[in-house]
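> Dumping the structure here so I can ask a few things about it.
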C-alpha cells in the first residue's frame, strides 16, 4: 500500500513538472490583452501587411580571440543585411567581449568598441535599416557608474542610450512596439558576478508604463539580453509585466555550449520566449516576420543560403490566440513564403503532408505565394515543407506543423522550458540554504546523539555513522567545520576590487560595491559548488581519516594495511578538490587583485585551514581518540 501511495505521488509530481515546464502551443487562458480577431484582411496574393526584422546577439567583438569574428560580422552587416533588407535590426547585447588575454580578467577594451563602431560605419548598415543595439553583461563589466568614461556603449554604439526604452515602428498597416528590457547592473562588477540581470522597482514602473503604451500597437515585442530566468525583479515579476507581449527576444546563454541549439518556450500567458544562439562561436541570427499580424521566425546560420521562412500557415507550436488573429489562417487564400538568397531563386516547391502542391510564384521581392484551400486542412495536425533552390544550385528546406483548430496541443521541449522558465536565482538560493543547513544539522545531531556500541563486523553504513560520531564529538573538527559552514552563509567570501578603483565585498547573499548592494544570484550558485565540491567532501575526507586513526592506523601504516587502490583514490580525489580550491585563489588574484587574494576567508584562508585540519587528523594525540580506538579494537578482536 505504501509503495502504491509513493508511486502515485511520484506520478503526480512528474505530471505537474511536465505541465509547468513543457507549456503547450495551445491557446492560453483568456486575457485582457487579447488582440483583435477579425478574419480580414487575410493572407492572400498581395505583398501587403508584411513586416520582417532581424535579430543578432552575443557578437563579442574581441581583441584577443577569433580573428574571423569581426570580418564575418562586417560581411553580415554589408551583405546579409543587403539581401534580407529588414525594416529593423535588434542587436541584443554583448556587443564586445571585454575579457583579458588570459580569459580570467574583465575590462572594457576601447579598441573592441572602436572595431564594432567601424564595422557599422564601413558597412553603412545604419543607412539601410534601423539598427538598435543594447547592452549585455559583457558590455557592463568593470563600469563604476553609467557616466564613467569606461561606459563605451554611450560613445560607440548605434543607440547610445542607457536604460529600457520603447521604440514604435510605424507602417501603413499599423504600429509595432519594441520594448527593450535593460537589466544590466550599475555599478557593473567584473566577471563573473554580473551573469544575472537585476531590475529595481523604479525600472519595473517604467516598463509597466511602456507595456501600457504598447497595447495600442498591432503587436508588442519585448527584447533584452538576459532570459527572464536570469533576471531578478520585484513583484509582480518580469514575466507578468510582459504578458501583453507576443514574444520576448533575448540571448546570453550561447546555446548552452551546443547542448541547447534551440532555447524556445512559452509563458503561461502565451508570450513566447525565444533565446537566440550566439554570433560569437555559432554565427547565429534570426529573421522574425509579421504577416497580417501572424508571427513567424527562423533561427539561421550565417552564409547558409537560401533562407526560407513560411509565414502562412504559421507554426502551431509558436501560436498564441491571446496575441494573434489565428483565424486569419483559415480565411487565407495563399500559402506565403519569404525566400532570400544572393542568387536568383529558381524554384519554391511546397508540400503538405508529403503531397506536392506545386511551385510558389514570386509576388514582390522575397515574397512567394501559392494558392491553397485551407478548409482541406481544417481538422487535426498537418505538416508543411518548403524546398527552395537558387541559381547557384543551393537547396534549403524548412517545415513545421500547423493546424486550424485552436483547441489542439503541442508541447515545447522540457529542458528548454526548465532553462527559460525557472527563476534560477530563487532555486539556487533554496538549494544553497538546504545544503548548508543539512551539513550543519548533521554536525549538531551527531554531536549530541548518543553513540551506539559497535557490534561484530560493522558494515559500511555503521562505520560511516561511527566516523560522524567521532568527527562531531572531537572539538577541533566540530567547531572548525561548523564555523566554516556558518561563515559560508554569513561572512564575506572576499574583499577586493570588484571594480577597478572600488573595493567591495562578496557575500553569499549578494555583493556590496560602489555604495550599492547587488542582490545575490550567481553567488548562490558559487556557494552550491563550494558546498558540494569542497565543504562536504572535506568533511567526508576528515571523517574517513579519523576512522582510520580509530582503527589504529597512522598515515604511513594505512597505505600498507588499507586497500591500497581505495586509499590512493580517496587521497587523489581530495588532492584534486584542494587543487581546484587553490586555482580558485589564483582566479581571485587575476580577477579582483592582490587585496582579494589575501582578504579571502573562503578561498585563500580556507586552503590554509584545510591543510591544517588534514595535518591534525594524522597528528592528533591517540589519547584524544582512546575511547574510540579501544572500542574499535574490541570490535575487531571479537
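For all residues, glycine too, the Cβ spot is worked out from N, Cα and C.
All annotation found in TrEMBL is predicted automatically rather than curated by experts.
Annotation source TrEMBL lists signal peptide at 1-26. Per TrEMBL, domain 'Calcineurin-like phosphoesterase' is recorded for 52-255. Taken from TrEMBL, the feature domain 'TMEM62 Ig-like' covers 303-397. If you look up TrEMBL, you'll see 426-449, 476-495, 522-547, 568-589, 595-615 marked as transmembrane segment. The annotation domain 'TMEM62 C-terminal' is assigned in TrEMBL to 431-557.
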> Counting only CB pairs under 8 A, let me know which of 426-449, 476-495, 522-547, 568-589 has the most with the transmembrane segment (595-615).
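Between the candidates 426-449, 476-495, 522-547, 568-589, the best contact partner of the transmembrane segment (595-615) is 476-495.
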> Go through the chain and flag residues at least 6 beyond the ends of the transmembrane segment (522-547) whose CB is under 8 A from any CB in it; none is fine as an answer.
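Those are 192-193, 195-196, 424-425, 428-429, 431-432, 435-436, 439, 463-464, 466-468, 470-471, 474, 477, 481, 484-485, 488, 493, 506-511, 570, 573-574, 577, 580-581, 602, 606, 610, 613-614, 617-618, 620, 625, in sequence order.
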> Work out, from DSSP, the number of helix, strand and coil residues along the domain 'TMEM62 Ig-like' (303-397).
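The counts are 9 helix, 48 strand, 38 coil.
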> Determine how many residues of the domain 'TMEM62 C-terminal' (431-557) DSSP places in helix, in strand and in coil.
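Taking each residue of the domain 'TMEM62 C-terminal' (431-557) in turn, the totals are 79 helix, 20 strand, 28 coil.
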> Under an 8 Å Cβ to Cβ limit, what residues of the same chain, 6 or more beyond the ends of the transmembrane segment (476-495), are close to it?
433, 436, 439-440, 443-444, 447, 503-509, 523, 527, 530-531, 535, 538-539, 542, 546, 588, 592, 595-596, 599-603, 606, 609, 613, 616-617, 620
> Summarise the model's confidence over the domain 'TMEM62 Ig-like' (303-397) as a mean pLDDT value.
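The average pLDDT of the model in the domain 'TMEM62 Ig-like' (303-397) works out to 97.
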